[in-house]
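Straight from Swiss-Prot, the features:
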SIGNAL    1-20  signal peptide
DOMAIN    198-524  domain 'Peptidase M14'
BINDING   His262, Ala263, Arg264, Glu265, Arg320, Asp337, Arg338, Ser395, Tyr396  substrate binding site
BINDING   His262, Glu265, His394  Zn(2+) binding site
DISULFID  Cys331-Cys354  disulfide bond
CARBOHYD  Asn378  N-linked glycosylation site
REGION    540-586  region 'Disordered'
COMPBIAS  577-586  compositional bias 'Basic and acidic residues'
Amino acid sequence: MRLLLSVLLLLVASLGLVSAVPAGSSITPPPPIEPIQWLSSRSTDSRRPWIRVRDWVIESIWGISKDASHHRSVKASPRSRSPSRSLTRYGSDVVLRFHLRNAEEAEALAEATDVLFLDVWTSTSEFVDIRLAQEVIPSLLGLLPDSLRTAYTPLIDNLAEMIYATYPTRRPAGFEDQPGFIPSMRQSTQFGDLFFRDYQPLSVIVPWMRLMASMFSSHVQMINVGVSHEGREIPALRLGRTRGQTADPYPRKTIVVVGGSHAREWISTSTVIYVAYSLITRYGKSQQVTRLLEDFDWVFVPTLNPDGYVYTWESDRLWRKNRQPTSLHFCPGIDLDRAWEFQWDGERTRSNPCSENYAGTEPFEGTEAHQLAQWALNETQTNNAKIVGFLDLHSYSQQILYPFSFSCSSVPPTLESLEELGIGLAKVIRLTTHEIYDVTAACEGTITADDQARNSPPQRPIFPTGGSSGGSALDWFYHQLHTDYAYQIKLRDRGSYGFLLPSEYIVPTGKEIFNVVLTFGKFLIGDLAQNTDLDWDAELQRTEPDEAPASQGDGPAPATQQVLQADVDDEETEWVENARSEFRRR
C-alpha cells in the first residue's frame, strides 16, 4: 500500500507541474518533454506496467482521458519559459519596509497608501511593508512627513524574478539517484514530501484530495463547503471516525482549519494540505494522531478562495481578493477576511472597490465567506456538530493572533485561555523548528494598540489599513459560533520573501503547523491527555539539518517574544496541565 501510495503521489505531482501555464501567454513553449524515466536502466517496454497504473489512476479516479493527460504532459511549466509576463506586470515593482515610530507617522503613511492605491503587504507595531512601482516612490515620499522619508529599507528589488521562482520547476520525479533529484529531500522518509516540494495548482489539489478520500476511506471524506462566485466547489477534507459508527448523544466536536482566503498566500494552502496529509497517513500508526481523529472531526479547507487562487496561477500571482464583480468593472473582488457579518466595517472601505481591503457593500457580500458561514451554521444546527476550534492560516509575518480583530477595546471573555494556548503553540514551534511566532490579539497584530492598557488610548503606532479588522472570520467564529479557541496564524516569513516564499519552505512550514495542530488537539482533549501513557512530544516533527534555513527577518524579535525565548527551559507541559478552561466544562 505504501509503495502504491508513493507512485500515485508522484503521478499527481508530475501532472501538476505542467498544468500551471499562465493562460493567454504569447510565448512559444519548448519542444515536448520526453516521458519521465523512472529507472534509467529500464527500456520503454519495461515501463508499461507503470503506464497502465498511471492510466488507471487518471481514468478511474480523476476522470481524465489518456489523450488529455498526454496533452498536459508535453506542455511547459511556467518556469521553463522566459518571464516576460511577470516582467510586463511587475518589472519595476519593489517592496519597501517603513519603520514606524509614532501614531502620526502611521496615519500619514495610511493616508498616502490610500491616495496612491498602494498594496500593503503586512503591518505590525514596528513596520509596514508596501509594494509599489519604483516610479511611484517619489510621489509616496512627497506625501509623507520628513521623518518617514528616510525611515524605510528595500526588502525586494527583483519582484518579477521572485514571482517566477514560486512556480513549479519541471523535474523528473524519480529516485534519489536520478537527474533532477533535490538533495534536500534525501533524508525524507515521507513519500508525500515529493508532492510538497512545489506549490500545486487547484487542478492538482482537487484530484489529490479525491485520491486521499479514496485510499483512506476509513477516516477521510471529501466534502465541499460551498460554491465560489465563478461556480467552483470549495473542497474540503473531513478527517475523523465515520459518523454513525457509534451512538453519540453529544455533538461531535469539530475543528476547522482554513487556508487560502487571500489568493496570493500560497503557503497557507500548501500548509493546510501538508497537515491534512500528515494526519491522514499517521492514523492507525500513531496513537497520538489516532486519538485526535477519534476525539474530533477535523475539516481542512485548503483554499476558501478557489477563483482567486486559480487567477494567481493563470494571470496575476499577487492577486488577493476573490473574483466577483463590483460597482467598478475594472476593480473586481472582495476581501474575504473583511466580508463576515460580525462587526463588519465596510462603511470605511466600501466606496473604494479598488482597495485590496474592500469589504463589499454589505455583510457577507463576499460569496465564499457567506458559503463557509452557511456550512458552519448548518453543521452546528442540523448535523450535531460543535465547532470547538478554528485555525485560519494566512501569510506572512509569523504571528499567532486571537480575538478580537475589530477592536482592542473589547476583551474576549476567554482571554486568559486564548493567551495560554497561543503561547503554548508558539512555544512548540520554537522548540521544534526554532522559529519565533509573535502571540497577540488580532487587533494589535494588524492595527496596533497599547497591549498593557486595552481600554486606554493607543500608545503605539496605529496603521488601520493592514491585515484584518472588522468583518473577520476569526471574530465571527469566536463570537457567533461560540468557538472557544479561534486563531489566525500568519505563517512564514518575516519579510525577506513575503508572499513569495520559496517552495523549499513548504515542508518546514508544514511541520510547524502540524506541531501546532497536535498541540492544539492535545490541549482541547484536556486533562485526559495527561492521564495516558502517550508520549505526545515524540510525535512532533522537527526540522532536519539539510532542510530550508530559518526564515530571515528584519530587525530583532519583539520584546514579548524575547521574554518567551528566555523561557525555553521551563517545563514544556505546564501550560497544559494547569489549564482549566470553560471548554472542558461544557
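Placed from the backbone N, Cα and C atoms, the Cβ positions cover glycine too.
DSSP assigns His394 (Zn(2+) binding site) to a strand. If you compare Cα positions, Tyr396 (substrate binding site) sits closest to Cys354 out of the recorded positions Cys331, Cys354, Asn378. For Cys354 (disulfide bond), the nearest of the recorded positions by C-alpha distance turns out to be Arg320; the candidates were Arg264, Glu265, Arg320, Asn378. When the C-alpha distances from Arg320 (substrate binding site) to the recorded positions Glu265, Cys331, Asn378, His394 are tabulated, the minimum falls on Glu265. Ranked by Cα separation from Glu265 (Zn(2+) binding site), the recorded positions Cys331, Arg338, Asn378 are led by Arg338. Excluding His262, Glu265, His394, which define the Zn(2+) site, the same chain contributes Gly259, Gly260, Ser261, Ala263, Arg264, Ser268, Arg320, Asp337, Leu393, Ser395, Lys490, Phe499 within 8 Å (Cβ to the Cβ centroid), listed in sequence order. Looking at His262, Cys354, the recorded positions in this record, the fewest other C-beta atoms within 10 angstroms of the C-beta turn up around Cys354. Across the residues of the domain 'Peptidase M14' (198-524), the predicted structure has a mean pLDDT of 91. Nearest neighbour of the residue listed as 'N-linked glycosylation site' by Cα distance, taken over the recorded positions Arg264, Cys331, His394: His394. It is 14 Å from the Cα atom of His394 (Zn(2+) binding site) to that of Arg338 (substrate binding site). Arg338 (substrate binding site) sits 17 Å from Cys331 (disulfide bond), taking the Cα positions as reference. Counted over every protein chain shown, other Cβ atoms within 10 Å are most numerous around Arg338 among the binding-site residues Arg264, Arg320, Arg338, His394.
Binding-site extent for substrate: residues His262, Ala263, Arg264, Glu265, Arg320, Asp337, Arg338, Ser395, Tyr396, maximum pairwise Cα distance 17 Å (rounded to the nearest whole number). The residue listed as 'N-linked glycosylation site' carries a helical DSSP state (H, G or I).
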